[in-house]
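Before any comments, here is the structure.
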Amino acid sequence: MAYVTVGGDETSLFRRGLEMMGAIGLLLLSAYLGLACATWSVTDPSLSQSNQNMIENAAGATGAIVADLMMQIFGIGATLVIGLPVIWALRLIRGNGVDHIWKRGWFAVGGIVLFCAALGCIEPPATWPLPIGIGGVAGDLVLKIPASLFGGYPSGFTALVLAVLLAAPAVWLYLNGAALIGRYATSAEKRRLAEEDDGEGRFALLFGAAAHGFYSLKAAWQRRSEQRQKLKEPDFGDRFDEWHDADEAAFAPPPPAPVERAGRSIRVQMPVNDGNSFVDPTDWQEDEDAAAAAWAAADETVWQDDRQAAYPAAPVATQSKADDFIVDEHEDERTDFEEEIAAAVSQEVPPAAAARDDAMSFSADDRVTGRGGEEDGGGWRGLLAGNIVAFPGRKAGQRAERQDGERRDPAPAQEPQRPRPQAPQAAPSRGPAAGDAAARVVPQQRTVTADQQRLRSGSGRAVAMKSAPQPMTVADSASFELPSIDFLSPPKATARDSSMSPEALQENARLLEGVLEDFGVKGEIIEVRPGPVVTLYELEPAPGIKSSRVIGLADDIARSMSAIAARVAVIPGKNAIGIELPNQRRETVYYREMIASEAFAQNKGKLPLVLGKTIGGEAVIADLAKMPHLLVAGTTGSGKSVSINTMILSLLYRFTPAECRLIMIDPKMLELSIYDGIPHLLSPVVTDPKKAVVALKWTVREMEDRYRKMSKVGVRNIDGFNTRVKSALDKGETMSRTVQTGFDRETGEPIFETEEFDLEPLPYIVVIIDEMADLMMVAGKDIEGAVQRLAQMARAAGIHVIMATQRPSVDVITGTIKANFPTRISFQVTSKIDSRTILGEQGAEQLLGMGDMLFMAGGGRTQRVHGPFVDDQEVEAIVSHLKSQGVPDYLDAILVDEDEDEDGGASGGGSSNGGGSSGGDDSDDPYDQAVAVVLRDGKASTSYIQRRLGIGYNRAASIIEKMEQEGIVGPANHAGKREILVPTEDEM
């Protein structure tokens, strides 16, 4: 309850003075508002209008604005607004006070609004200068409610009745708000005494709480000092304090370094991580939980109170016969906690042979403790050293790094390394394994099943070759071992480039602004984003500067900045233009740091592909299943083939042969032949362009067959089909459907039969075409038709196409192909025309090569990405590992043309597109074959015979003329089509 009161005794003199000052302020406010409204003129400059008229308001420019607002909002009701402070001031002067000030204020506001609505019911006079009613905007807003009910604003008698109905509650609310009615207290003296009593009670309460808090803190500090003295070892406690402070600073991300310049600063946003750091996924998925649990247990036992939020409580257990204990945060259990810690430290290190075999999950059942003297690293050091989990195939440096207590973090390059004590020599155990350096838990060799889509660390490059490998089957794929990350070369450490310092970037930004100003482009660099290959300068142009003008200066900017090339483009979603300039020293993006990144390990995509890094250093992982097809273009040496290799390896690192199968088409016989023989292939690497046509036709038939299967099961895509099939196999059920096959001749009732399906989960199929230009030159129409059909329909069937070409011209990337490949990647091209052909915009001609690409997703937005590097030795090691687990199970039907078998070798699937014969033997008379084709297909034209028989145009024309002479076909009509005069096979 809030009061504004006065009192008559000496204790209320100060309050009385404040009330008098408040009353004077309210009177001055009312006088100012009254003067402003009394001299208000509609022609004065205000917020609602801007003119050059002289201000007529006696309160000045401010008074004109205030008066205009009050008249616009309240109209004539502004008089009530002016009168309310006057009434409150008079009550304060008389000593009556205003009780419940907030409640009365809301009442007054409500009364003023209703009074304005009542005034709005009155027709404004002709002299009213405003386009709204005399009740202002507030009155008109309230009158919209009855206007919506009666179909218009009230008028006449209805307006008079409504005005009376609104005025009555308005007067009551206003008088209540002015504290003229509705008393909520008895007298000023009683209120004063009540407030004094309440004040004394609050003071006593605050004093008692402060005293209690002081003595509680003092007792807690004494207990903390005693505990630290009991648990403290030589040189351990002080160092632990340093760790504690360093850990607090480690979790705070460093702010971006501002680059100061004349009068303003340019924000330099450093990349997420440098090109030399990577995260080992084996650390996340195998031993990270164990190591983190060990450190968390050690930290919790010492700093349980003030580290509760940063270190989750971890169970600590021993192998003694005593019961397990759990650290509790309550004060009354600290004595028991100290005794149990002492008991845990006093235990001996168990032999390594007594450790559990399967300790992949570090739980309370896996009890490993240590004990020793101060000279051999015992006590807490022995306990921590004994909790380290060792894994096979891990290098000694990695184990030492884990023993040093590296914290789990998705981006280790951003987090400062937390100092940890050096891992000492563990105390010798008093058991059979006395020669072991420390007690270690060695996990069993684990395999990756079809459901496990994550990386694992194998035994390194030393892969045991299996004797007499057998073709891979679905059953064999359950024990299929995915490649280890150790097959990939680690990133090489490079020195820090001095040209990437904030000072150097500031100088480049100033120089770039000067270059732009020389060309008549005014603006300022608002942000700089250095990357591994290029640096992005965000230019905010001055008003009136067209983006196309700045984009057209790309070559001039590169020349003025002494750069190889410069790319200028508008940054989507920002009022800025991006200017990308190459760095003086280019950093290499290694494939290992991409495959080991958290973005790839935790990616939930169905077919994740590693593309590279952005300018800021973020990993770019695209999902091929969402694309759903990918078109790649780039000149020789631009990094196109290396990018294709990284995409293939992304699938090989994630999927087993039962989950993903590959069809590789390599007309150049160089790029993809290295993968020949891996278990993921459905057929050998196709190098013959004619066989490539056959393989694409088989893919189309496979797509149609999959759609028939999904239609029978009643699902819409491959994921639903595999889920339904796996559920039926797990339950041991047989999938079937009931179909109507006809009607009974005697009864006329329909006959139903049950059709059973013997189905298996369908793998994804990825078709990789390395060079599209060679195929288009040999069989352009057939290739384009097959690719078009796959691009339009194959997504739901789990079939996806990655098509690459080094000649992105319109005769290779036709409009049909371009329309069905919304996702595209362009490496360096030779001209702006090629860039527009592949991306629809220029910019690819300004790329730097060696993996520098522009990635355009389905939405049409282009993103610059730097592709990772993987050499041939790494690919060979991974391929050898895959080949050691089995030979591929090829499907012979992929490379067998059904049309060729039916025609007896007449249609080879290729066309010459010219005038010579390329698909048939011209020494034999093809007339009989042509007649058979015409009668079977029901089509007769020179081009059709030429394409079906693979002969020249002249030979096909002579055959058609001979057929016309013998009465098999009729003459050509105006459209060039001929009527078949003899019965065809379908008519027979």
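Note: Cβ is positioned from N, Cα and C throughout, glycine not excepted.
Just so you know, TrEMBL annotations never went through curation; they're auto-generated.
What TrEMBL records for 21-42 (among others) is transmembrane segment. Residues 4, 56-59, 63-64, 66-68, 70-71, 78-79, 81-83, 85-86, 88-90, 92-93, 129-130 of the same chain lie 6 or more positions beyond the ends of the transmembrane segment (21-42) yet place their CB under 8 Å from a CB of it.
Tertiary neighbourhood of the transmembrane segment (73-93): same-chain residues 4, 6, 19-20, 22-24, 26-27, 29-30, 33-34, 37, 108, 111-112, 115-116, 119-120, 130, 132-139, 174, 177-180, selected by CB-CB distance under 8 Å and a gap of 6+ residues from either end. Feature annotation from TrEMBL assigns transmembrane segment to 73-93 (among others).
Among the features that TrEMBL reports, transmembrane segment is placed at 105-122 (among others). Here the transmembrane segment (105-122) has Cβ contacts under 8 Å with residues 74-77, 80-81, 84, 133-136, 138-140, 142-143, 154, 159-160, 162-164, 166-167, 169-178 of the same chain, all six or more residues outside its ends.
Among the features that TrEMBL reports, transmembrane segment is placed at 157-182 (among others).
For 348-469 (among others), the entry in TrEMBL reads region 'Disordered'.
The feature ATP binding site is assigned by TrEMBL to Gly634, Thr635, Thr636, Gly637, Ser638, Gly639, Lys640, Ser641. The Cβ of Thr636 (ATP binding site) has 11 neighbouring Cβ atoms from other residues within 10 Å, across all protein chains displayed.
Residues or ranges marked as region 'Disordered' by TrEMBL: 900-927 (among others).
Residues or ranges marked as compositional bias 'Gly residues' in TrEMBL: 905-919.
Cβ proximity to the ATP site centre (mean Cβ of Gly634, Thr635, Thr636, Gly637, Ser638, Gly639, Lys640, Ser641, cutoff 8 Å) flags the following additional same-chain residues: Gln806, Phe827, Gln828, Gly849.
Annotation: Gly634 carries the greatest number of neighbouring Cβ atoms among the binding-site residues Gly634, Gly637, Gly639 [cut-off 10 Å, Cβ to Cβ]. Using a 10 Å radius centred on the Cβ of Thr635 (ATP binding site) and all shown protein chains, the other Cβ atoms total 19. Annotation for Ser641 (ATP binding site): same-chain Cβ neighbours under 8 Å, separated by at least 6 residues, are Glu671, Asp770, Ala804. In the three-state DSSP assignment, the secondary structure recorded for Gly639 (ATP binding site) is coil. The number of other Cβ atoms within 10 Å of the Cβ belonging to Lys640 (ATP binding site), over all protein chains shown, comes to 26.
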